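> Provided herewith is a single structure, encoded as structure tokens, for subsequent inquiry.
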Amino acid sequence: MITGCAGANEPLNETRAEAKAENAAAKSDQKQKNLPNIRMLATGGTIAGADKSKTSTTNYKAGAVGVDALIEAVPELQDIANISGEQIANIGSQNMTNQTLLKLSKRAGELLASDDVDGIVVTHGTDTLEETAYFLNLVIKSDKPLVIVGSMRPSTAIGADGPSNLYNAVKVAGSKEAKGKGALVVMNDRIASARYVTKTNTTTPDTFKSEEMGNLGVIANDIYFFNDIAKKHTKETDFDIAKIARLPQVDIIYGYQSDGRYLFDAAVKAGAKGIIYAGSGNGSISDEAKKGAAAAMKKGLAVVRSSRTKNGVVTPNPELEKAKLLASNSLNPEKARILLMLALTKTNDPQKIQTYFNEY
Ligand code: ASP
């Protein structure tokens, strides 16, 4: 604060200008203090993608732009948050590995445990975004907002959806309303639970849907939440990321007419500790696949039936339950794989694993 008169060598108007500048800085400091501190963890994807052509929306390079450039591209973020970023990876999400997933989750957990961070935004490729989002939903022991965001059009395209998705993601991550809701996917003006949302279309910006269960909310300038999720998540989690150095190998076998047991044998031979069978309909499994599953279970693997229909509940089946073939509840095959990896870090007991599938 400037008080008193200008000195003899100090022209009055200069002092006034200084005072004005200091005042403005103090005001803006005050404003910054009122804004949430949001940390952005960037992993790549189309949201960080670029191409020479503005009309190209398919053959671009994913993960071409760094985290600082992503933040600078949306100056309006500075009005809603104190935003800072760090680069965890810069890859297409088809290349996301268990190791990178662990690195991202541990960092997100560390940051959310700090008093200096009010919320996290993870930027991610859309192809496997739901897997990462569901993993975070299962391992982050915090009720601070945790938002995963991507885009379907690269940053260089006409009508790029990245900037508005990012703006909305930061807005949600900084909101009180998003507290305790688990990991959220914010895309295309929708707020979805990581537990329910899935990618449904190869190219269109409205690809993320929570088909049976519905979204949790929408963003129409303001944030409107309508639903909560009924499944356990984040703060209530049984899984302790700090104790996990490696995730066990879990493979997915897709069911189809004439499928054979050799797929199960190959997974066992390759070192799998668990198998998700993406069965037809209500997790139906062919007689040949059943033989493969039985042989795998004899070797100590857990086998879980999910459904290639991607919607609905795979219901318990007494005959298959007797054979210790588990059911994925309403998790699609790729999310069932995420939960089974985590479940296997805790137990090999099929009954206990089934409880996880019922609860999460
Ligand atoms: N292949 C890209 C990725 O998942 C697609 C995208 O981000 O939309 O990284």
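For all residues, glycine too, the Cβ spot is worked out from N, Cα and C.
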> According to TrEMBL, which of these ranges is region 'Disordered': 1-35, 141-175, 316-350?
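Spelled out, TrEMBL records region 'Disordered' over residues 1-35, not the other listed ranges.
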> Mind telling me which of the active-site residues T46, T126 has the densest Cβ neighbourhood, counting other Cβ atoms within 10 Å?
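Selected residue: T46.
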> List the Cα distance (Å, whole number) between T46 (active site) and T126 (active site).
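Rounded to a whole number, the Cα-Cα distance is 7 Å.
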